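Per Swiss-Prot, the features are:
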REGION    1-207  region 'Transactivation domain'
REGION    224-261  region 'Disordered'
REGION    289-366  region 'DNA-binding domain'
CROSSLNK  LYS295  SUMO cross-link
Amino acid sequence: MMEALAERLSALQDRILELYEADSKDLKDQIEHWKCVRQECAVLYKAREVGFSHLNHQVVPSLTVSRAKAHKAIEVQLALESLQNSEYNNEEWTLQDASLEMWHTEPKGCFKKTGVPVTVLFDCDKDNTMEYVLWGHIYVWGDNGWVKTFGEADNWGLHYTVAGEKVYYVQFYEDAKKYGHGNGNGDGYEWEVHVGGTVMHYSDSVSSATHCDKLPTVEIVSGLQHINPSPPPANPSAKENVWSSPAKRVRRSDSGGDPVRALDGKSRSVLCGSAHNNATGSSGDSDYTPIVHLKGESNCLKCLRFRLGKHKHLYINISSTWRWANHASEKAIVTVTFANELQRQQFLNTVKIPSTVTLSQGVMTV
């Protein structure tokens, strides 16, 4: 039985990685992806049920974990299959559009596309900010099936309208109570909303959501052509694709020093710490080793790590999947270490990284 389960698991994981690498925009392929994920969970569940702790050198998760992952896969698969029967089935649907992370991003239980960042300054303080995502296209399940609408922003929050009903998926007042100071009596909060080239200000004793009908609104329609984009951030640590992440808290810095700068997947230089390159391509300090962080969905990274076993001569060590404990994102990370930067460059030139995986470079102490 172990051999049969191992062969089935290997075939499913190979197919999943093929779908990641193909980066298809066909809804049928996204449905197939989630079918494979569901079947993978079923194989792992069966393996654990009969007492196997490892399969294909992979740790078999507990029954509870496999069951929970299968339920999530079924949820997304059924939603996509119902979308396949709608008028929106011929639109472009990427793996990211159909990902579990996107499904659980606010507004939850909806499909979203074409997001832009919205920055809110609580107390109108640039050091006390929160970032949100305003979606250009939102697909909402209603009484008559899927309905496509668009996101809107006003001083009160982010919302969409379906069947004449305005639905807020972010209310700034709720976060103002958490992060703002107000007047100390539970009101008197103020904030600024920055979206595209528009700035909206709110300052009042906020006590009722009825205020929102009186506030100006910014609409995001058809690829955001109604808003002039903001200039790119000067801070090199800022992410370009802010819209693809859930809202993230930006806290005040306790020190005046610059943070360690993250590198994007296109960067080929090390900007982290005090390590410098010498003529041999090695780190100037023997205590530092070049690394690559691979960030993406846990299942994709596990399949990729399995494939990287064929390229062991191109790296020194590779970690298991891990996550930041205090990070809101569900994305997992795999870290790869190298003997020197020349080996890392050979790795980058040889290994094909799926487009759904984010690659960043840096160094770490050893």
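Just so you know, the numbers here start at 1 and follow the chain as drawn.
Quick reminder: no glycine exception, Cβ is built from N, Cα and C everywhere.
If you take the C-beta of LYS295 (SUMO cross-link) and look for same-chain residues 6 or more apart in sequence within under 8 angstroms, you find LYS331, ALA332, ILE333, VAL357, THR358, LEU359, SER360.
Using DSSP to sort the residues of the region 'DNA-binding domain' (289-366) gives these counts of helix, strand and coil: 27 helix, 25 strand, 26 coil.
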